[in-house]
Amino acid sequence: MQISFAALDIPKTGVVVAGVIEDGVLPPTTKALDDQLGGLITRTLKGGRFRGKKDQSLMLLSPAGGGLDALLLVGLGKESALGALRSEALGSQIYAALAPHGHAEAYVALDALAGTPVDAAGLAASLGLGALLRAYRFDKYFTKLKDEEKPALGSLVIGTPEAARARTLFASMATTADAVAFTRDLVSEPGNVINPATLAEQARSLADLGVEVEVLSEKEMRKLGMNALLGVAQGSANEAKLVVLRWCGLGKPDAAAKKGKKGKRTADKGGDGEAGADSPLAFIGKGVTFDSGGISIKPAANMEDMKWDMAGAAAVVGVIRALAARKARVNAVGAIGLVENMPSGQAQRPGDVVTSLSGQTIEVINTDAEGRLVLADVLWYVKDRFKPKLMVDLATLTGAIIIALGHEHAGLFATDDELADRLTAAGAAVGEPLWRLPLGEAYDKQIKSDIADMKNVGNRSAGSITAAQFLKRFVEGTPWAHLDIAGVAWTTTDRETAPKGATGFGVRLLDRFVADNYEAR
Ligand code: BES
Ligand code: MN
Ligand code: ZN
């Protein structure tokens with residue numbers, strides 16, 4: 001769908017969307033439309049329940065008294081609450097209300113309003129973003145769609161007194177929205193299409209934007225000693241991959257070192273590590289392209305959902321894509337551990353002991369607690385090789401986080417309060433809310449093993465926390481946060497800015513986190 005911005009106008013034809021403020025107050029353009037239509041809007045407000053509250057809308061088809069094809073009235077709510085997120089929701093609501101009618105184009109008249117927390121240009125741009133995010137579809141596998149089942153709305157024109165500024169603001173939002181759509185596509189693809197090799201190929205496409213892409217094979221990972229990750233992949237016919245994405249918006253740290261600038265080169269195996277001002281931010285993703293549970297196999301009901309057990313990895317690819325696309329002045333590393341968790345004659349057994357890259361040994365009690373095994377090696381690898389400023393991992397890690405937080409917040413765990421606060425603020429700003437849960441040594445007793453340094457599951461209580469506590473053993477002193485996105489990566493109902501399906505959760509959050517806190521200007 002094409003989003004564009006134009007001067008504020010009082011159209012006489014076509015499909016028009018006009019706002020009504022709570023309690024039936026008409027902004028200037030809506031008032032002018034009302035006059036043009038002989039008081040139709042005023043009469044409508046008198047007679048019915050539509051009062052301009054947020055989330056309300058009312059479609060009037062071929063309204064009498066003019067040449068309009070349709071007039072969609074939307075509730076703006078209270079002006080004081082009409083900020084960026086509300087405006088996104090409005091754009092989404094407008095798209096959803098118009099879509100069933102099959103019009104090809106619509107014009108939204110968005111007046112500047114006194115008392116809104118965001119100015120007219122910001123509101124217009126956010127409205128466009130909301131519509132765009134809601135218009136996402138994953139329909140490539142439908143071969144029999146009738147014309148009337150295909151999306152018709154091809155163009156949304158947003159009329160605003162600040163069209164030029166709105167256009168500029170929207171351009172960068174649209175770049176992020178592209179990255180979100182890319183992530184949603186990856187998450188939506190079934191497990192026979194997206195496997196470790198094909199997901200790595202998709203990640204490779206970021207090279208076109210100037211991202212350095214490395215793909216490590218099983219052989220290379222074995223040489224390094226990543227046996228926790230490899231143990232998970234062992235039962236699958238699809239080889240595991242580790243993808244490392246590097247966006248060096250501040251220039252490469254090792255290039256600076258060669259030129260004799262400050263920052264010492266370390267002698268670790270990767271040879272890239274360097275503690276310095278331009279040390280990277282690191283984002284790590286769980287990329288289980290299908291999680292059958294392995295030998296500890298999952299029940300059949302809803303097992304198909306486990307194609308999206310790579311949503312953390314897809315979000316990492318998405319955020320690196322967003323940073324590169326807007327040439328963010330920051331150094332960032334994305335690392336994703338890609339495996340398929342399958343049962344077979346070669347699969348890892350409950351009771352197996354693996355030696356992780358860190359040297360710590362793990363007793364694998366339950367092969368379905370595989371995400372933490374993958375992340376253990378990727379976290380250690382990234383910490384060791386890149387000496388990052390901080391690490392944030394994203395993972396559809398536990399069903400328990402859905403019991404705790406439902407589908408409204410992702411779980412946040414952090415070793416650093418400032419990092420936790422910055423992530424929480426970024427999430428709130430983009431409508432991807434986080435809720436912090438505790439870490440604490442008291443939980444460690446649950447993962448004590450009789451035979452190895454730790455076991456990979458605790459008991460039934462505090463399942464998300466013991467998982468986080470497990471991960472914490474692989475980050476040493478690096479400031480680290482873990483986002484358990486199992487409840488938010490996929491939605492079974494249409495949401496404000498995500499139609500049902502993959503949400504792309506994490507892309508906008510991390511993009512905002514970087515923009516607000518780490519980008520050189
Ligand atoms: N990928 C799942 C977590 C999950 C479950 C995400 C349901 C979304 C919906 C993860 O690998 C897993 O299986 N976790 C187990 C851990 C348990 C065995 C300790 C779980 O949550 O049941
Ligand atoms: Mn699992
Ligand atoms: Zn899993």
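Just so it is clear, glycine is given a Cβ too, placed from its N, Cα and C backbone atoms.
If you look up TrEMBL, you'll see K298, R372 marked as active site. For K286, D291, D309, E370, the entry in TrEMBL reads Mn(2+) 2 binding site. Residues annotated as Mn(2+) 1 binding site in TrEMBL: D291, D368, E370. Here TrEMBL flags 254-274 as region 'Disordered'.
The structure, with features from TrEMBL marked on it.
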{"residue": "K286", "record": "Mn(2+) 2 binding site", "Cβ contacts under 8 Å, 6 or more apart": "D309, M310, G312, A313, I336, G337, G371, V374, L375, D393, L394, A395, T396, L397"}
{"residue": "D291", "record": "Mn(2+) 2 binding site", "Cβ contacts under 8 Å, 6 or more apart": "K298, M306, D309, N341, D368, E370, G371"}
{"residue": "R372", "record": "active site", "Cβ contacts under 8 Å, 6 or more apart": "L397, N456, A467, F470, L471"}
Cβ under 6 Å from ligand 1: which of the recorded positions K286, D291, K298, D309, D368, R372 qualify? D291, D309, D368
Please state whether DSSP places R372 (active site) in a helix, a strand or coil. helix
Same chain, not part of D291, D368, E370: whose C-beta falls within 8 angstroms of the C-beta centre of the Mn(2+) 1 site? Give them in sequence order. V232, V288, S292, G293, G294, S296, K298, M306, D309, N341, T367, A369, G371
A 10 Å Cβ contact count, applied to the binding-site residues D309, D368: which residue has the minimum? D368
Using a 10 Å cut-off, grab the number of neighbouring Cβ atoms around the Cβ of K298 (active site), all chains included. 16
Neighbouring CB atoms within 10 angstroms of the CB of E370 (Mn(2+) 2 binding site), all protein chains considered, total 29
List the other residues in this chain whose Cβ sits within 8 Å of the Cβ centroid of the Mn(2+) 2 site residues K286, D291, D309, E370, in sequence order. V232, G287, V288, M306, M310, V339, N341, G371, V374, A395, T396, L397
Taking only the recorded positions K286, K298, D309, D368, E370, which have a CB closer than 6 angstroms to any atom that belongs to ligand 2? D368, E370
Of the recorded positions K286, K298, D309, D368, R372, which ones put their CB under 6 Å from ligand 3? D309
Under DSSP, is D291 (Mn(2+) 2 binding site) helix, strand or coil? strand
